[in-house]
Amino acid sequence: MHLPKIAMIGAGQVGATAAHLIAKKELGNLVLVDVDAGMARGKALDIAESGPVAGFDVAVSGTDDYADIAGSEVVVITAGMARKPGMDRSELLRKNVEIVSGIARQVAEHAPEAYVIVVTNPLDAMVCTVKEVTGFPPNRVMGMAGVLDSARMRRFISQELRVSGKDVTAMVLGSHGDRMVPVRGSSTVGGIPITELLSAERLEAIVERTRHGGGEVVELLKTGSAYYAPGASITEMVESIVRDQRRIRPVAAYLQGEYGVSDLYIGVPAIIGSGGVEQVVEIHLTEAEREQFDASVESVRKLIAEARAVSGPGGA
Ligand SMILES: NC(=O)c1ccc[n+]([C@@H]2O[C@H](COP(=O)([O-])OP(=O)(O)OC[C@H]3O[C@@H](n4cnc5c(N)ncnc54)[C@H](O)[C@@H]3O)[C@@H](O)[C@H]2O)c1
Ligand SMILES: O=C(O)C[C@H](O)C(=O)O
């Protein structure tokens, strides 16, 4: 059976967790790339050795040589610093823009046809950096955050109502930060609008917890940030591309007039398939959500300007 090649740049907590899930689903043969070649090789070997027990058969290798990503259909960028308690994601910008720019140059050289999913924080600015440095078309560069933020909201709703999270839908848009926009009207449980099942007060508490969901895990872990739910969210996006599922998921996509915004990456619903971000879907936002979305846009524009100042013109 022909399997696509999937490159995971960064074999840390998020990269390795996502790689393991991708291998278990047999979505493709994997190459893990990290500045720490020993760790990339060791984790690749360990994941591959779990195959006979877990019941999957894919190739998994580790390397620090970008030539090994040649021919990758999907490249996921998870390399970079994670935040610690008390930090905001934006504090990672200086260090991570350097790391991500360097990686983007390697991706453009060695995997020029790839679809790229950016995960490194601060997410919206890093995905913009990757587009600018690679020069790839917008449909081939996207960011993972909305699937994760929505998963958190789904989980909190399912806990509150004591129902299966599988039946809960949620849509969190905007930037991946405290200004994210959980869209109440897009939340349902078994097809029933959430507003019929939860009081406005309880729903507001869930929305607030969702906004700080990443920070909640950081405070508990103390040494870094979340990786199980991020790993699952990356896997869902990779699957939608390599299996051409055309799922509508919230992703950081490049807006070219949609939502009245241009030349900016931000979280919106989009159809994800074998053509990457195939279509941005515009949904109705209430006045309050629209204001929050606009505030999100402003915060991302500021971060992107900072990222450009660090990485230089054209992200080079
Ligand atoms: N978008 C999201 O929703 C989301 C979710 C979780 C984590 N993140 C972000 O993902 C990133 C990784 O998180 P983590 O928990 O895996 O961190 P981690 O420290 O466990 O792993 C990061 C890895 O990057 C590697 N690395 C550093 N510089 C590199 C380079 N130049 N080339 C290749 N590899 C390099 C490190 O060696 C390390 O293995 C962080 O920026 C974090 O904030 C984003
Ligand atoms: O919170 C973080 O720093 C990591 C990630 O963005 C998350 O939401 O878990």
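Heads up, the Cβ atoms here are built off N, Cα and C, so glycines get one too.
TrEMBL does not curate its annotations; it predicts them automatically.
As given in TrEMBL:
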- His176: active site, proton acceptor (ACT_SITE)
- Gly10, Ala11, Gly12, Gln13, Val14, Gly15, Asp34, Asn96, Val119, Thr120, Asn121: NAD(+) binding site (BINDING)
- Arg83, Arg89, Asn121, Arg152: substrate binding site (BINDING)
- 5-143: domain 'Lactate/malate dehydrogenase N-terminal' (DOMAIN)
- 148-308: domain 'Lactate/malate dehydrogenase C-terminal' (DOMAIN)
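Here the features listed in TrEMBL are painted onto the structure.
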| residue | record | contacts (Cβ under 8 Å, 6+ apart) |
| --- | --- | --- |
| Gly10 | NAD(+) binding site | Val33, Asp34, Ile77, Thr78, Ala79, Gly80, Val119, Thr120 |
| Gly12 | NAD(+) binding site | Asp34, Thr78, Ala79, Ala82 |
| Val14 | NAD(+) binding site | Thr78, Ala82, Val119, Tyr227, Pro230, Gly231, Ile234 |
| Arg83 | substrate binding site | Arg89, Glu91, Leu92, Asn121, Val218, Gly224, Ser225 |
| Arg152 | substrate binding site | Val172, Arg209, Thr210, Gly213, Ala229 |
| His176 | active site, proton acceptor | Arg89, Asn121, Pro122, Leu123, Asp124, Gly143, Ala145, Gly146, Asp149, Gly214, Ala252, Gly267 |
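For ligand 2, the nearby binding-site residues are Arg83, Arg89; that is, of Gly10, Gly12, Val14, Asp34, Arg83, Arg89, these have a C-beta under 6 Å from one of its atoms. Residue annotation for substrate gives Arg83, Arg89, Asn121, Arg152. The furthest Cα pair among them is separated by 19 Å.
For the domain 'Lactate/malate dehydrogenase N-terminal' (5-143), the DSSP-based tally of helix, strand and coil residues reads 71 helix, 25 strand, 43 coil.
DSSP assigns His176 (active site, proton acceptor) to coil in the three-state reduction, outside any helix or strand. DSSP gives Arg152 (substrate binding site) a helix state.
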